[in-house]
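Since the structure comes first, as C-alpha cells, the remarks are kept for the end.
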C-alpha cells in the first residue's frame with residue numbers, strides 16, 4: 001500500500017470513529033490546491049535540463065499551510081499529496097495553527113552542482129511565489145534540501161514581495177532561523193520517546209535503541225539518547241549498517257560519519273546486513289529513513305517493544321495489525337516526528353515578532369508541546385478505545401473538522 005492509500009485509510013478509520021458525515025469527510029480529504037510546474041535551467045555545461053516541481057496545499061482551515069520541499073528522484077504527485085495531508089493532521093495533533101502542504105522537485109541533488117541547485121531552486125520559487133506566503137503557505141527543508149535551499153527561496157521570494165523572513169522556516173540563523181531548529185525533529189523524537197517510556201515507569205537510560213537512518217533526524221536522536229544514558233546498539237544509513245551489542249560510541253561515530261560520509265567501516269562495531277537492522281534485538285526501534293520499510297514480510301520478526309516513527313509512514317497498515325497482535329507499541333509519525341514542524345512554528349513566530357528566543361527557551365517549549373501532545377493523544381485513545389495511531393488521527397482530524405465547521409466551510 002502506497003503512502004497516499006495508507007493515509008487515506010487512516011483518515012477514513014478516524015472519520016468513522018468520530019462519526020463525521022460524508023460531506024464533511026469529502027471536504028476534509030480533497031486538497032485545497034495542487035500545483036505542478038516545469039522548471040528548466042541551464043546546466044553548468046551550457047545544456048538545458050527540465051525538472052517537474054510539485055506543491056500540494058491540503059488544508060488552511062486552522063492557519064497558513066506548512067510543509068517541506070524535498071529534492072528526490074522519486075517525488076511523485078501521489079506521495080506529495082499523502083505527505084501534504086499528513087502535515088494537516090500532524091500540525092493539528094501538535095496544536096499549532098497551521099494546515100498541511102508538501103512540495104518537491106523530481107531530481108537527484110547529488111547529480112547537480114551547487115550553482116545548478118541554486119538556479120533550480122530560484123526557478124521553482126519564481127513559478128510558485130504568488131502561491132506561497134507568510135500567511136498562505138510556509139515551506140521548509142525536507143529530504144535533499146537544507147537551510148541554504150531555504151535561503152535561496154527567501155531571497156527569490158523577497159525580490160517579488162519585499163524582505164519576508166517568515167516565508168520559509170529552517171533558514172540559516174543569520175537570515176532569521178531559529179536556534180535549536182537543526183536538532184528539532186530528533187529532539188522531538190527524544191521527548192516523545194521519553195514521554196512514552198515514562199508512562200510505563202521507564203526512562204531513556206538503560207534502554208537499547210536501534211536507529212534506521214543516520215541523517216539529520218537519526219543522528220540527532222542517537223546523540224541525545226546517548227547523552228541521557230540510552231544504549232544505541234545498531235544504526236544504518238545509505239552506506240551500510242553496523243551494530244555493537246554493548247552500545248555504539250555515538251560521539252566517535254558522528255566524527256566517523258563526517259569524515260567518511262557514512263557509518264560503514266566504523267571502528268568498534270560489526271557490519272550487518274542493512275535489511276536486518278529493523279529486526280535487531282532492542283527495546284526501542286526508531287525508523288528514521290524512508291516510508292514503507294516495516295511491512296508484512298518483516299513485521300513478525302521485529303523484536304522491539306516500542307517503535308517510534310521518526311520517518312513519515314515507515315509502517316504499512318498490514319504490518320500495523322501484525323505488530324498490534326504481537327503487543328508492540330507504535331508511536332505514530334504524525335505525533336513522533338512533529339518536533340521539526342513545532343520548532344518551525346517557533347521560528348515563524350520569532351520572525352513575525354522580530355524577536356529571537358534563546359535556545360533553552362526553544363527546547364523547553366518543544367518539550368512542553370511534545371509532552372502535552374502525547375497526553376492529548378492518550379485521552380483520545382481512552383475516549384474511543386483505540387491504539388495510539390488512531391488516537392493521534394482522531395485528535396488531529398477532530399481539530400481540523402471543528403475549525404472547518406466553525407468557519408462554515410463544510411460542503
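Glycine residues also receive a Cβ, built from the backbone N, Cα and C atoms like all the rest.
Where the annotation comes from TrEMBL, it is an automatic prediction and has not been curated.
Annotation comment: TrEMBL describes 102 as active site, proton donor. The Cβ neighbour count for residue 102 (active site, proton donor), using a 10 Å radius and every protein chain shown, is 31.
Positions annotated as substrate binding site by TrEMBL: 66, 90, 344. Cβ neighbour count for residue 344 (substrate binding site) (all protein chains, 10 Å cutoff from its Cβ): 29.
What TrEMBL records for 185, 216 is NAD(+) binding site. The Cβ neighbour count for residue 216 (NAD(+) binding site), using a 10 Å radius and every protein chain shown, is 18.
The annotation site 'Important for catalysis' is assigned in TrEMBL to 142. For residue 142 (site 'Important for catalysis'), the number of other Cβ atoms no farther than 10 Å from its own Cβ, over all displayed protein chains, is 22.
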For residue 102 (active site, proton donor), which of the recorded positions 90, 142, 344 has the nearest Cα in space?
142
State the count of C-beta atoms found within 10 angstroms of the C-beta of residue 90 (substrate binding site), not counting that atom itself.
28
Between the recorded positions 142, 185, 216, which lies closest to residue 90 (substrate binding site), Cα to Cα?
185
Within 10 angstroms of the C-beta of residue 66 (substrate binding site), the count of other C-beta atoms across all shown chains comes to 29
For substrate, with binders 66, 90, 344, what's the maximum Cα separation in whole Å?
13
